[in-house]
Each structure stands twice: as C-alpha cells, then as structure tokens.
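Each remark here refers to the structure printed beneath this line.
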Amino acid sequence: MKLLVFLLLLQLCGSADCRCFCQVTGNLDDCACDVETIDHFNNDQLFPKLQNLLESDYFRFYKVNLNKPCPFWTSSSHCGLRHCAVKPCSPVSSCFDLNQLQLSSAHPQRECVWSFVCFSDETREALLDWSKYDDEAERFCVVDDEASPDSQYVDLLLNPERFTGYKGPEAWQIWNSIYEENCFNFFLSTCLTTTLVVFAARKFYSWLDGQCVEKRAFYRLVSGLHASINIHLSARYLLDDNWFQREWGHNVTEFRQRFDSELTAGEGPKRLRNLYFLYLIELRALAKVLPFFQQPSFHLYTGRPEEDKKHKEQLLQILQLARSFPLHFDERSLFAGDEKEAAKLKEDIRLAFLNISKIMDCVDCFKCRLWGKLQTQGLGTVLKILFSERQIEALPMSSNQRPSFQLSRQEIVSLFNAFGRISTSVRELKNFRSMLAEER
C-alpha cells in the first residue's frame with residue numbers, strides 16, 4: 001500500500017501541473033500571507049468589481065508617448081508585426097489643456113469620441129494646484145509630457161495586452177537590461193546555457209538571501225511584473241489567424257515554456273510566487289491611499305456628474321475591500337534601519353525603478369511598449385504611495401487647504417490598470433491549473 005501511494009505521488013510530481021504549481025502554495029517569503037488566501041480574496045471578491053470599474057471612461061483612456069527614442073541603444077522603434085500596432089484616439093482641441101473622453105452610440109466601432117466640456121472655476125483651480133504642487137522628487141518613473149505633440153490618448157479596451165509575436169533577441173535585450181542594470185549590480189543573464197543558468201541561479205539566490213529585505217523586495221517586484229506579463233501573453237495567445245477568423249485564447253504549451261520548473265531550470269514556480277508578492281505590495285498601496293480618494297474635492301471627472309459619482313462610489317468600495325484584506329504586507333519592515341542608510345537605499349531603489357521606466361522606451365513592439373509603460377508607471381505609483389505614508393495621513397478633509405499628497409490622473413489610471421493586470425494574472429492561474437490538471 002505504501003509503495004502504491006509513493007508511486008502515485010511520484011507520478012503526480014512528474015506532471016506538468018505539479019512542476020508549475022506544487023511550489024506555488026503556502027506562506028510567501030518576507031510576508032505573513034499565503035497563496036491560498038490571496039487566490040480566494042482576489043478571484044471571489046476583488047477581481048469582478050475591479051474589472052467593472054476599469055471599463056469606465058475615466059480608467060479606459062490612457063495618455064502615452066509611444067514615440068520617445070530609446071535612451072540606451074539604437075532601436076528601430078518599429079516592430080513590423082501587425083499585432084504590435086496601437087490604435088490611438090484622434091487628437092482634438094481641449095478646454096484648459098485636458099481632454100475629456102466619452103463614447104458615442106453613433107459610433108458602433110467604439111472609436112474614441114471627444115466631449116468638449118469645460119471645467120468649472122473650482123475644478124480648473126484644483127487641476128492647476130495639482131500640477132503646481134506635484135513633487136517630482138518623489139516620482140519613481142518617467143512621466144510622459146501630456147503637452148507633448150507626440151502624446152496620444154489610447155483606449156485600453158481597444159488595445160488589450162496579448163501575445164503579438166514580439167520575441168527573440170530584441171525582447172530578451174529588454175529584460176536582460178532590466179535585470180542586469182537594476183538588480184544592484186548582480187549579473188544573471190537569461191541567455192546563458194541551461195547548465196550555466198542553473199549554476200548562476202543558485203549563486204544568485206544565495207546572494208539574494210544575504211541581502212536586506214528592501215533589495216529582495218525590489219527584485220521580487222520586477223520578477224513578479226515579468227511573470228504577470230508572461231501570463232497575459234500565454235492567456236491571450238493568437239491560436240488561429242486566417243482569412244475567416246482570428247482566435248485568441250489560452251496556450252498551455254506557452255505557459256509551460258515560461259513556468260514549468262523542468263523547462264525553466266527550476267525558475268518558473270519562483271516567478272509565480274513573486275507574482276503573489278507583487279499582488280500583496282500593490283494591494284497594500286490601494287489600502288493605504290484610501291484617504292486621498294475619500295477627499296470631498298476628489299472627483300473621477302469625465303463631465304457627466306451622475307456617472308462620475310457612481311464610479312467614485314465603486315472606487316471607494318474597492319479600496320475599502322482592499323483595506324479589509326486580513327494579511328497585508330507590513331511595509332514597516334522596509335527602510336527600518338539607520339536613517340541615513342535607509343534614505344540612501346530608498347533613493348537607490350527610486351533611481352533603479354526610474355531607469356526601468358526609461359527602458360520601456362526601447363521596446364520595439366508598440367503594444368508591448370504601451371502596456372509596459374502603463375504597468376511600470378502603475379508600480380512606480382505604488383512605491384510613491386508606500387513611501388508617502390506621513391503625507392497621506394496629513395491629508396486635509398477640507399477642500400480649502402492645500403493637500404500634502406497628490407496623484408495625477410495619469411498616475412491614478414496607471415495605478416488601477418496595473419493592479420487590474422496583476423489581479424487578472426492571479427485569476428488566470430486558476431484557469432491554467434485546471435487545464436494542466438486535465439492533461440494529467
């Protein structure tokens with residue numbers, strides 16, 4: 001009987017679903033939370049509410065400059081694949097330098113249509129104050145100049161993140177640069193042979209375990225973002241493309257190539273665990289930033305008061321739900337040592353992440369660049385929130401006082417859409433678990 005049980009366990013551990021997910025369970029490193037609690041909270045409670053909010057006009061339009069040259073190496077900035085293209089909204093004039101967007105039922109193609117609604121004096125003054133008092137020194141990513149003629153609004157629902165065919169040396173160069181130039185000078189190339197990858201990975205994790213919690217956290221955030229993007233590409237893969245139809249769906253083989261421990265020299269499950277760590281960090285930021293959105297002076301302004309009010313109520317419900325999560329990451333463990341050393345480490349991380357946001361301008365695939373820029377700006381906003389606890393606590397409840405903490409519309413849109421991508425990734429893991437189990 002014992003022999004039968006042993007053989008059964010051996011067979012299960014040799015299956016693809018086990019090689020991808022057997023290590024993706026239990027408590028996460030440097031956290032009091034476990035994978036199962038996150039799965040239940042996200043999939044059953046938060047995910048559907050968040051997806052509904054992200055379909056509203058305020059969150060579906062993102063202004064981005066996709067024409068910035070790569071600051072690090074010569075790049076063609078042109079993918080050539082048709083699925084790499086981005087369909088921007090048509091540029092038009094605006095009131096007080098801010099375009100207001102809405103959809104028109106007269107356009108069944110759901111093209112971008114503009115609503116020319118001028119602001120009240122109160123709204124205009126608030127916008128001017130936001131611009132005037134925004135603290136550039138606290139930014140963790142490069143912010144595109146909204147006044148730039150190269151910046152355009154993009155409808156995120158019409159330009160979803162999915163597999164475009166962009167891969168090979170150009171794509172590897174992006175991630176190699178992110179890891180090699182920003183993980184505090186530790187070299188770990190993903191282009192090494194399998195034997196060397198195993199050796200380098202062991203050496204790297206041995207080095208990482210000896211680092212402070214802040215450096216470990218930074219690496220795991222980058223790795224978690226990488227894992228999330230790979231999950232999206234595997235979940236929305238071009239399965240069929242012919243004259244009659246174009247079918248996008250789950251590609252289990254692609255998922256295994258990226259996360260099967262046997263095919264990734266043991267790295268795949270670690271990447272998935274880092275995704276959950278990233279989820280916790282971003283969820284904690286949403287819980288911490290609630291007072292900012294509770295201010296009476298804050299509005300999700302689109303020019304339609306009734307809908308704006310409804311969407312703000314939805315937003316506050318989501319943030320209250322985020323705050324109710326029972327096992328939040330404790331950010332007090334970060335930068336808790338010597339004050340001068342903590343300040344230097346914080347600045348090192350800020351500059352490293354700022355560098356990552358610049359690397360996004362080197363991505364040749366425009367759709368990949370769009371979502372890369374949005375998600376790095378969203379994660380940069382998360383770090384800004386977590387490092388601004390005192391300023392958020394000091395926020396006034398009266399609109400007559402100057403706020404001590406600000407978020408621009410760009411930061412708000414990127415913050416929630418970036419978390420929406422992470423939430424979707426966690427939800428998609430449930431689908432891939434089921435698919436791989438069926439193959440057993």
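The backbone N, Cα and C atoms fix where each Cβ goes, glycine too.
Features as listed in TrEMBL:
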SIGNAL    1-18  signal peptide
DISULFID  C79-C84  disulfide bond
DISULFID  C118-C141  disulfide bond
BINDING   R162, T164, W175, S223, H226, R258  FAD binding site
ACT_SITE  C365  active site, nucleophile
DISULFID  C365-C368  disulfide bond
ACT_SITE  C368  active site
Just checking the binding-site residues R162, T164, W175, R258: which sit within 10 A of the residue listed as 'active site, nucleophile', CA to CA?
T164
How long is the line from the C-alpha of W175 (FAD binding site) to the C-alpha of C368 (disulfide bond), rounded to the nearest angstrom?
13
If we take the Cα of C368 (disulfide bond) and draw a 10 Å sphere, the binding-site residues of T164, S223, H226, R258 inside it are T164
When you measure from the Cβ of S223 (FAD binding site), which residues in the chain that are at least 6 apart have a Cβ under 8 Å away?
K270, R271, N274
Would you count the other CB atoms within 10 A of the CB of R258 (FAD binding site), including those on all shown protein chains?
20
Counting across all protein chains shown, how many other Cβ atoms sit within 10 Å of the Cβ of C84 (disulfide bond)?
19
Max CA to CA distance in Å over the FAD-binding set R162, T164, W175, S223, H226, R258?
21
C84 (disulfide bond) sits from R258 (FAD binding site) (Cα to Cα, rounded, in Å) at a distance of 21
Using Cα coordinates, what distance in whole Å links C84 (disulfide bond) and R162 (FAD binding site)?
10
